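Visitor: Pulled these from TrEMBL:
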DOMAIN    15-96  domain 'O-methyltransferase dimerisation'
DOMAIN    118-327  domain 'O-methyltransferase C-terminal'
ACT_SITE  His256  active site, proton acceptor
Amino acid sequence: MGSTEDLEYPQIIVQYSNGFLISKVMFTACELGVFDLLLESGKPLSSDAIAAHLGANTIGMERLLDACVGLKLLTVEMTQEGALYRNTEISNTYLTKSSPKSQYHIMMYYSNTVYLCWQYLADAVREGRNQYERAFGISSKDPFGAMYRSDEEMLKFMAGQNSVWSICGRDVLAAFDLSPFTQIYDLGGGGGALARECVSLYPNSTVTIYDLPKVVQVAKEQFVSPEEHQIAFHEGDFFNDSIPEAELYILSKILHDWDDDKCKQLLAKVYKACKPGGGVLLVESLLNEDKSGPVETQLYSMNMLVQTEGKERTAAEYSRLLEAAGFGVIQVKRTGKLYDAVLGRK
């Protein structure tokens with residue numbers, strides 16, 4: 001047997017234990033507006049100038065900036081006047097609010113909401129249920145009632161989901177040729193980013209976002225303009241209310257919120273409403289069949305434990321849920337990105 005020094009565990013343990021610290025550095029720089037300021041300035045700035053602009057302590061800001069350099073989110077240039085910082089291309093693209101591919105909103109949702117639930121991960125594992133009660137002092141029996149516990153929280157969640165689809169939406173919608181489907185319902189479509197990608201990719205389609213009344217109201221006010229004529233809305237609770245007839249139903253990151261019984265209940269309603277020859281598109285992050293990865297999906301499944309009633313699944317597990325509802329000719333496409341696509345036909 002080799003000695004402890006021969007093992008690789010020190011490096012990997014340090015890397016994993018620093019994961020929380022790394023993410024909080026990135027979240028904090030976003031929250032304080034570091035990346036936005038450097039983009040707007042059009043030139044590199046000193047730590048003193050950045051601190052002054054953002055109303056921060058100069059010592060604290062310098063340490064934050066240096067950590068961002070170490071994480072390759074910023075670059076630094078040493079001059080006679082001192083260190084000057086600028087954004088990397090990654091930061092300009094994904095961490096500034098004004099970028100079309102900005103991930104700012106999902107990061108703020110993780111920083112201010114998700115992480116608070118994750119503090120109670122051990123309790124979630126012991127109990128097998130979400131942790132809204134401990135994290136926020138509210139009932140955990142209705143996950144979306146807890147998730148949408150205030151207008152501010154709902155807006156943060158919707159903006160975060162929109163930012164995800166701004167970089168992942170086209171991959172999943174192009175996984176299959178959806179052009180034969182012109183009448184599409186996006187169940188739980190929220191802020192409409194996926195619907196927008198859909199009508200852009202398939203200009204002959206119309207997409208109706210089916211969501212809770214308060215979600216639809218915010219989507220109309222904040223995210224979808226009246227000029228976007230190919231996008232419509234339907235207010236309702238798809239578990240308790242009827243689902244209108246359509247050619248295709250999109251369930252993006254919906255089934256992973258619920259246990260198998262709830263998924264079967266919803267898919268049975270979708271199958272009944274679906275036109276003959278129509279189908280359902282599931283957009284989810286798929287686990288390997290042996291559950292060995294991908295690690296991102298495994299972590300998402302842990303997040304489902306602390307925040308919802310559901311879990312991430314394998315392609316075979318989703319296929320069985322579709323088959324139980326009556327869908328056949330099931331196809332699976334892995335995109336190589338964060339989310340994959342499963343298409344079932346009626």
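Positions of Cβ are set from backbone N, Cα and C atoms, glycine also.
Remember, TrEMBL labels are computer predictions, not curated facts.
Describe the structural surroundings of these features, if you would.
Guide: Within the domain 'O-methyltransferase dimerisation' (15-96), the DSSP-based counts of helix, strand and coil residues read 52 helix, 14 strand, 16 coil.
Long-range Cβ neighbours of His256 (active site, proton acceptor) (same chain, at least 6 residues apart, Cβ-Cβ under 8 Å): Glu284, Ser285, Tyr300, Ser301, Met304, Thr308, Gly310, Lys311, Glu312, Arg313.
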